Amino acid sequence: MKSNGKHLHFFAIISDAVSTLWSIIVPLGFGFAWGMRHLGQIAGYALIILLVIIVFNFFKWLRFKYEFIDDQFHIRSGVLVRSDRYIRIQRIQSVQIKTNLLLRLLGVVQLKFDTADQASKGDMVLSALKLEEAERIKAEVSRGKTQKSIIFAVEDPTEAPKVVDDSPKKVYALSGKRLLAASLLTSKVGVVLAAVFGLWSQADDFIPDSIQGRSLSYLEHASLVGMVIIIGMAILMLWFVSLVSALLRWGFFKLSIHEGEWRIHRGVWETSDETYKTDRVQAIRIKEQWVQQLFGWCTVYADCSGSIDLEKSDGGSVLVFPLLRKKELPDFLETAIPRFAGPIKHHPLPVRGTLYRMILPALFWIALCCTLTWRLDWGKYTLIALPFILAYFWFKNRSEGWALMDKRLIVINRWLTKTTTITRRNHIQSFAKKQSRIQKKLNLSTCAATIRASTAESITIRQLDEQDADKLLQWFRKK
Amino acid sequence: MTNIIFWLGIGGFITSILFFDWPHFLFYIAGALAALNILQLILYVFIFPSINYRTFFYEIRQEDLLIQNGIFIITQTVIPFTRVQNVETSQGPLLRKHRLTAVSVTTAAGEHEIPALEESDALALRDQIAELIKENPANEI
């Protein structure tokens, strides 16, 4: 399997240069916008910086070589600090291929290896490759792995060698109707709102004074009805933007379930093909936003061990499927990942715990009210919100719960989104029982199970009966 | 350590009030900061360690390690030996002076520390845990 070192596609220089530039520009942010206005004066420097980046990336490209050596993949890289990295093909968990529109036009893709390292250790990325070359590497890696497994099978004669079946067991695709529903139900309006406000606060930098003056005076003279219409339009716009962004994010989402692995394809602008081994999954998270819950839908995430791109997934979890009816969920889990499947029930938490947890927000709000009443005329009216806040916390806490099902632990948590986490005993790394003095008096305690995800993640059950906490502890200790 | 930095900050603050024309009400802020700092010093040097000393214990059982610690919230953590990846002892200059050693146990999801043991105890504990890890082999997945 010996092969000589190969360079990346030539385009890597440009794509790396762009990403370096981007990483310089983003932190500078609006300082850069200022720079753009004075471009005439600083053009020389900007050009020099650009040139330095491109030259540097050229050398990086020249130095970057990869090859297969026997059962290892060898990457040589680094201009100033030279590094040689050998990865056993056995240790490569999965190969991911990614492109975006620009790259696709050139027939170039990005290839990434996932290993068991934590995400912070950095991934092995081949930033630009011809599509055929990427496919070849992928095939080589999977061949290296199957060869090894056949050797294992020979060593263990009782087990017949498995025939690797490459056809998917089942394919879940996001249909058009569902995609639309998904984008309607997932309100990322908040994020968009923040972005628009951010832009607006910077807007006076961009908009020439004449136009700005006019638009503001128009706003001041608008009647109440006009204002309502403008605000309504703005909300509609925001919603539309979030809809489009959701469409772009989830367009052509396809999950194919193979023997022991998931292949997830997604994206309109930036397509990505990802493979996840199901034995890496440490926990399944089922999220229901309140709108989704109203219509009986949910989103399924998986927490996997090893390196996961933090940007692409939500907080280190892998999006398994964006929108699923709650009644389809048992079937879906049964086909996708049988060891996490089963009935999802929960015991509610004790009422005294709920009441105890309501004390803190109540106290906080009352303190806020007092300060406001002291300082402002209308301060006392904020007290009206107190019952609503208490009611919200009551319902929020009452909907939480936990359950033990043989080897599975199910925990339901809620802030705004209801999250049901399913994990198994053999995935829990350590288990903690916490108790403050007040909790001890009330016979309550808090439990936290730590699992190994891309970052150490803990699943917390707050304010459950102390006996139940002890039961959980014993359950975890049992072999 | 952070305390020293804070004191330096407060000192700098006061000198700049005195020597540059900074408004005088800043004295109150500096005073409040100093008071908080002293409070923090008292809590973290005299009160919290003694509480923690009373609540802390560790226990080696057949298949797992139990550690209890905490000041207001008492935490009991169970770490099965099948999940332990490595044991580590470490000793800073202060610990070395008092012939103490910290033992920490690493799992795939984080580190748990037993902060200060007698040197010989720590080494014995390390060997014992290492032995127990061997007895309880990790079942992958």
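Backbone N, Cα and C define each Cβ position, glycine as well.
Note that TrEMBL annotation is computational and uncurated.
Across the range of the domain 'YdbS-like PH' (A:61-139), the DSSP-based residue counts are 24 helix, 37 strand, 18 coil. The domain 'YdbS-like PH' annotation in TrEMBL covers A:61-139 (among others).
In the domain 'YdbS-like PH' (A:253-328), helix, strand and coil residues by DSSP number 12 helix, 44 strand, 20 coil. Per TrEMBL, the feature domain 'YdbS-like PH' maps to A:253-328 (among others).
As annotated by TrEMBL, domain 'YdbS-like PH' applies to A:401-475 (among others).
The transmembrane segment annotation in TrEMBL covers A:12-36 (among others).
Positions annotated as transmembrane segment by TrEMBL: A:42-59 (among others).
Feature annotation from TrEMBL assigns transmembrane segment to A:179-201 (among others).
The feature transmembrane segment is assigned by TrEMBL to A:221-248 (among others).
Sequence annotations record features per position, and here TrEMBL assigns transmembrane segment to A:355-374 (among others). Outside the transmembrane segment (A:355-374), and at least 6 residues removed from its termini, the chain residues within Cβ reach (under 8 Å) are 380, 382-383, 385-386, 389-390, 393-394, 397, 438-439, 442, 444, 462-463.
The transmembrane segment annotation in TrEMBL covers A:380-395 (among others). Long-range Cβ contacts of the transmembrane segment (A:380-395) within its own chain (Cβ-Cβ under 8 Å, at least 6 residues beyond either end) map to 354, 357-358, 361-362, 365-366, 368-369, 372-373.
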Mean pLDDT for the domain 'YdbS-like PH' (A:61-139), as a whole number?
78
Please list the DSSP helix, strand and coil residue counts for the domain 'YdbS-like PH' (A:401-475).
19 helix, 47 strand, 9 coil
